[in-house]
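Participant: I'd like to ask some things about the structure below.
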Amino acid sequence: MKTTIILILLTHWVYSQNPTSGNNTATLCLGHHAVANGTLVKTITDDQIEVTNATELVQSTSIGKICNNPYRVLDGRNCTLIDAMLGDPHCDVFQYENWDLFIERSSAFSNCYPYDIPDYASLRSIVASSGTLEFTAEGFTWTGVTQNGGSGACRRGSADSFFSRLNWLTKSGNSYPTLNVTMPNNNNFDKLYIWGIHHPSTNNEQTKLYIQESGRVTVSTKRSQQTIIPNIGSRPWVRGQSGRISIYWTIVKPGDILMINSNGNLVAPRGYFKMRTGKSSVMRSDAPIDTCVSECITPNGSIPNDKPFQNVNKVTYGKCPKYIKQNTLKLATGMRNVPEKQIRGIFGAIAGFIENGWEGMVDGWYGFRYQNSEGTGQAADLKSTQAAIDQINGKLNRVIERTNEKFHQIEKEFSEVEGRIQDLEKYVEDTKIDLWSYNAELLVALENQHTIDLTDAEMNKLFEKTRRQLRENAEDMGGGCFKIYHKCDNACIGSIRNGTYDHYIYRDEALNNRFQIKGVELKSGYKDWILWISFAISCFLICVVLLGFIMWACQKGNIRCNICI
């Protein structure tokens with residue numbers, strides 16, 4: 001009977017013990033910060049993983065206006081670049097202008113004799129890249145012809161006029177002699193000459209202007225020769241004219257000679273444009289020009305260039321992000337986010353990083369929560385936080401350096417005859433965009449994977465550092481927490497945090513407390529064994545008592561037992 005009572009008391013004592021309720025132990029948990037609502041990013045292994053913070057890498061909107069700083073932006077208003085170069089009367093204001101970017105408006109129009117340029121895109125690109133309409137007149141000698149022809153389709157003020165940079169030559173009296181003119185280039189730069197040929201609408205107009213039934217224009221240099229014959233015939237009426245002028249251009253290198261031979265229909269140059277090599281360009285846009293600063297310009301307006309990618313427009317000028325198809329790419333700049341649970345752990349608010357993050361920790365990425373004789377507390381570990389931040393800082397700049405190539409992408413224009421070239425160019429551009437879009441997504445996924453891995457690694461480093469400090473003075477409780485087997489006040493906790501903890505000071509106390517607590521702190525497996533042993537002994541004692549009672553009753557004659565065979 002005494003044995004039963006002792007076993008019952010022992011079992012009750014085992015279950016009633018709470019080793020953490022005394023003042024001679026403490027609990028320390030390590031964790032990382034978390035936010036209630038994180039940001040989803042893509043990594044190599046996961047399409048969607050939540051992180052505490054992320055930065056958008058794709059610029060998807062413009063500011064709606066074109067900034068005039070740091071580039072000199074010239075508003076073409078009602079003039080195209082070619083009209084300004086030829087000297088259309090309503091574009092005289094642009095003579096001798098300079099620009100970094102010439103803006104052509106959709107409202108631009110020609111207001112002179114109707115013309116066409118067989119290689120319009122090339123001429124436009126050459127003039128645009130020069131960045132100037134600086135013009136130098138030269139003393140061409142045209143003998144036996146009438147100069148400075150004009151037309152009612154090209155009025156300057158109230159008088160008939162013509163393109164100011166061209167000289168329309170017609171008959172003088174009843175003759176149009178063969179013209180042979182040379183002009184050497186004795187300068188050390190390239191000269192751009194603009195000339196043309198007139199296509200009358202009828203044979204009568206041809207002979208009326210040039211005497212000959214068919215003229216011819218030949219322009220030559222040491223490197224090239226162009227011979228053009230007029231195509232006489234009626235064309236759709238434009239500004240009262242059914243004739244046309246075809247504009248051509250010739251570049252004369254230093255030391256070369258320009259030679260012009262013609263017996264009619266010549267629209268002669270008056271001088272040359274000085275060729276310059278630069279990064280100037282031309283762009284079609286209806287966005288307003290305003291006083292602001294932006295290093296990247298698109299037809300939609302200027303955009304910031306602090307992101308490596310943009311989805312605003314393929315056509316750009318300046319220091320611009322790479323164009324990609326994606327509307328969004330997010331670069332992880334924080335750690336993996338595990339929102340804090342409402343109820344957890346035996347200590348309520350104290351739970352380690354294995355279980356979840358801590359939303360209340362705002363002064364660092366990693367830190368400690370503890371419970372000791374002085375209460376509970378929390379503190380950030382600034383060293384591990386700074387180590388993670390140092391590795392993440394500069395990621396955005398590195399991505400920009402890898403992708404943000406400083407260049408300008410001009411518009412591509414092709415005539416109908418060049419349809420195959422246009423298709424090929426479009427295919428090449430689309431392929432480049434597809435390739436960059438894939439590379440961008442892969443690059444960001446790799447960087448995100450690296451960020452998450454390194455922040456996880458910093459958490460593990462802090463845990464291992466703490467474990468090595470505590471040694472046998474504490475036990476890993478799992479979930480990122482330690483049970484410290486000695487009295488550890490706030491100063492002691494602080495020494496663990498800053499790495500000055502000396503486990504030898506507390507070793508004897510910890511070992512003594514560990515043995516005392518381990519003697520009664522039985523884990524669930526041992527408790528089960530004690531329960532089974534206690535149950536078996538109790539049953540045995542009950543049987544012994546019952547058997548003894550029966551034997552005693554038989555001896556007294558109170559119970560009679562007959563055995564028959």
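Glycine is no exception: its Cβ is also placed from the backbone N, Cα and C atoms.
Note that the structure is predicted; figures quoted are calculated from it, not measured.
Among the features that Swiss-Prot reports, N-linked glycosylation site is placed at N23, N37, N53, N78, N180, N300, N498. Swiss-Prot lists C554, C561, C564 with the feature S-palmitoyl cysteine. Per Swiss-Prot, signal peptide is recorded for 1-16. Residues or ranges marked as topological domain 'Extracellular' in Swiss-Prot (evidence: sequence analysis): 17-529. Here Swiss-Prot flags 551-565 as topological domain 'Cytoplasmic', drawing on sequence analysis. Marked as transmembrane segment by Swiss-Prot on the basis of sequence analysis: 530-550.
Quick one: how deep are these features, and who are their neighbours?
Facilitator: Within its own chain, N37 (N-linked glycosylation site) has no residue 6 or more apart in sequence whose C-beta sits under 8 angstroms from its own.
In three-state terms derived from DSSP, N53 (N-linked glycosylation site) belongs to neither a helical nor a strand segment and is classed as coil. For N53 (N-linked glycosylation site), the same-chain residues that are 6 or more apart in sequence and have a Cβ closer than 8 Å to its Cβ are V35, G38, T39, A332, T333, G334.
Close to N78 (N-linked glycosylation site) in the fold, though at least 6 residues off in sequence, lie H90, C91, R105, S107, A108, F109, each with a CB less than 8 Å from its CB.
Packing around N180 (N-linked glycosylation site) is summarised by its Cβ count: 11 other Cβ atoms lie within 10 angstroms of its Cβ, all protein chains included.
Long-range neighbours of N300 (N-linked glycosylation site) (same chain, six or more residues apart, CB within less than 8 Å of its CB): S62, G64, S285, A287, V312, N313.
DSSP assigns N498 (N-linked glycosylation site) to a helix.
A helical conformation is recorded for C554 (S-palmitoyl cysteine) in the three-state DSSP classification.
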Participant: Return the average pLDDT for the topological domain 'Cytoplasmic' (551-565) as a whole number.
Facilitator: 65
Participant: Provide, as an integer number of angstrom, the distance between the C-alpha atoms of C554 (S-palmitoyl cysteine) and N180 (N-linked glycosylation site).
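Facilitator: Here the two Cα atoms are 156 Å apart.
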Participant: To the nearest whole angstrom, what is the C-alpha distance linking N498 (N-linked glycosylation site) and N180 (N-linked glycosylation site)?
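Facilitator: The Cα atom of N498 (N-linked glycosylation site) is 93 Å away from the Cα atom of N180 (N-linked glycosylation site).
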Participant: Looking only at Cβ atoms, how many others are within 10 Å of the one on N498 (N-linked glycosylation site)?
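Facilitator: Taking every protein chain into account, the count is 12.
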